[in-house]
Amino acid sequence: MVLKVSDLTIARGGIKVLEGVSFELESGGAIVLRGPNGIGKTTLLRTIAGLQPPLAGRVDADPDSLVYAGHSDGLKATLTVEENLMFWAQVFGKKEISQAIDSFELGRLVNRPAGLLSAGQKRRLGLARLLVTGRPVWILDEPTVSLDTDAVAMFASAVRAHLARGGSTLIATHIDLGLPEAKVLEVGPFRARAAEIDDFDEAFL
Amino acid sequence: MNLNALWAYANPKKFIQATDRVLPWISILAIVSLVVGLVWGFFFTPEDYRQGSTVKIIYIHVPSALMAINAWLMMLVTSLVWIVRRHHVSALAARAAAPVGAVMTVIALATGAIWGQPMWGTWWAWDPRLTSFLILFLFYLGYMALWAAIEDDDTAADLTSILCLVGSVFALLSRYAVNFWNQGLHQGASLSLDKEENVADVFYYPLLVCIAGFVLLFIALVFLRTQTEIRARRTRALLARERMG
Amino acid sequence: MIALLVRDLRLAMRAGGGFGLGLAFFLIVVTLVPFGVGPQSELLARIASGILWLGALLACLLSLDRILALDWEDGSLDLLATAPLPMEAIVSIKALAHWLTTGLPLVLFAPVFGLLLSLPEPGYMPLVLSLLLGTPALSVIGTFGAALTVGLKRGGLLLSLLVLPLYVPTLIFGAEMARRGVEGLDITTPLLMLAGITCGTIALLPFASAAVLKVNLR
């Protein structure tokens, strides 16, 4: 087990959105989070990644095992593909980026400034960042946005290779990734019930 | 009294109930002591042999200047309470005190200018005290602007309380820096405002009453404004929940 | 950490304006002052050190919102926050990069601008020394302001309102040191005070900046 979420309650903008979220992620396992827009998938992933504190419950994971990829790729338009990747590799104490470039077929683009890439190419570069960090647990928020069918397949095979290496991943997505081995976790049942109005407490509700 | 019992008022509902009970009394006391102090001070004290009747502005100037500084100190304490114990009422009290403190600073500056005109022949001089108060006013402005700019209430409370902490250190630094700076310019303060020492007893007692009046007025205003902030916060929370469905 | 510094410097050079913009602004201020107060060199000589300090401060202020806003917009800050770097280190490196691209060029070119404002001979060393000691504090304080306002759409004006009062002690001691230098007076006291403020700021303020940034990232 590389990630254990127990009885997690999270809030967005001071309003409870999900409560009692519990699941475990095994080494080599994949979990796909599903649920309607606005239910709190992004907030859940950011909480697990340690970007915001939960209201209650706990996230058990080695903090040095997680890598998070959000809606934006964190790319610098004036740096080349190679420089962008190299920067993130160095931040995570790594030097090797060629495998990541191959996996997402960025070879032809290495010397192109990231600002000149198409939306899909940028996303591929953003996902390639996951590989260079060398971290085993990927926390991914809508990783396939602006990817075409081929690129989605490319992404799926990168994830599969990652799982085969003993890595694991937690993905929030709306589309079918073509990863039948992934467990699906519906977030809907964890939707927080609104507090009673009479209960005029610290939270002002 | 057990000091821990004080924390019960960190609950918004308890706070509103408790302050509702004492607010009328504090307000009445504030008005009474202000009226007594000001009337006493303005009409029943002799005129200063040097400064004439202009000295009587002291009854507004000194209390407002005191409150300008003490309001910031109160904000510092409530900010610390918010950071350490996460009581929302504390953060909202800091927010409520800021405009009051800012107005006190303006009153102190304005009355100082009105007093200074006949005394020094100028509305404004870059005296260390005047300058420090101007800087304090800037700190109030920044603090209030930051509260106003951030939508999420808890985020705003966190950021403003850290700003209050950092600001306090820099305000203190500025106070000493300004002292040093003016000395460097004027070779000793010719426009000394150190009047506490040379205030005679006749002026002293009405001044004390006025100070008490200003303190009570400040407490009443902060209680009232904190209540308003709590209710506004509750409205926002209810609206937000409605939007969430 | 070095990777982050190298990246920020590289970005400043590539995006253009990183090094140049602050300097150009400084030059414009220095050019405009004689238009405002008149060209008499005795008058200019008297106010030169103050103008140069004010110009440096404003040039610094001009580029503050770029310290963190760009990384915020493209999501880099989120990713950096989850990287194995403490937030305190990130904000310190950001401040250092800002100083290297804005403060240091100002320090290096200050003598040239002093020439334009007919700064008296004995004033050059104290001026450069005071800027060298003071501008790092400006960058660190500015990073705190940038961290406070990073999530705001139009944070620029608010940033100035928050940061300028915090600049007061640095400005007072820095300008005082430069002025005393011009008048040939002893500069030890303002020098020590300025150095103390800068050291204290560098040592302590990154903790506040990091705390504020973490709040803004949630």
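All positions are counted from 1 along the displayed chain.
Using the three backbone atoms N, Cα and C, a Cβ is placed for every residue, glycine included.
Automatic prediction, not curation, is the source of TrEMBL annotations.
The transmembrane segment feature in TrEMBL is assigned to C:12-37 (among others).
According to TrEMBL, the feature transmembrane segment maps to C:43-64 (among others).
Note on the transmembrane segment (C:96-117): residues 4-5, 8-9, 12, 18-19, 22-23, 26-27, 30-31, 33-34, 44-45, 47-49, 51-52, 55-56, 59-60, 63-64, 67, 123-124, 127-128, 131-132, 135-136, 138-139, 142-143 of its chain, located 6 or more positions outside it, place their CB under 8 angstroms from a CB of the stretch. Among the features that TrEMBL reports, transmembrane segment is placed at C:96-117 (among others).
Residues annotated as transmembrane segment in TrEMBL: C:123-150 (among others).
Sequence-distant contacts of the transmembrane segment (C:157-175) (same chain, at least 6 residues past either end, Cβ-Cβ under 8 Å): 49-50, 53-54, 57, 61, 64-65, 130-131, 133-134, 137-138, 141-142, 144-146, 148-149, 190, 193-194, 197-198, 201. The transmembrane segment annotation in TrEMBL covers C:157-175 (among others).
Taken from TrEMBL, the feature transmembrane segment covers C:187-213 (among others).
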Among C:12-37, C:43-64, C:123-150, stretch most in contact with the transmembrane segment (C:187-213) (C-beta, under 8 angstroms): C:123-150
Contacting positions for the transmembrane segment (C:123-150) when only residues 6+ beyond its ends and CB under 8 Å are counted: 48-49, 52-53, 56-57, 60-61, 64-65, 67-69, 72, 77, 91-92, 94-96, 98-99, 102-104, 106-107, 110-111, 114, 158-159, 162-163, 166-167, 170-171, 173-175, 177-178, 180-182, 187, 190-191, 194-195, 197-198, 201-202, 205-206, 208-210, 212-213, 216
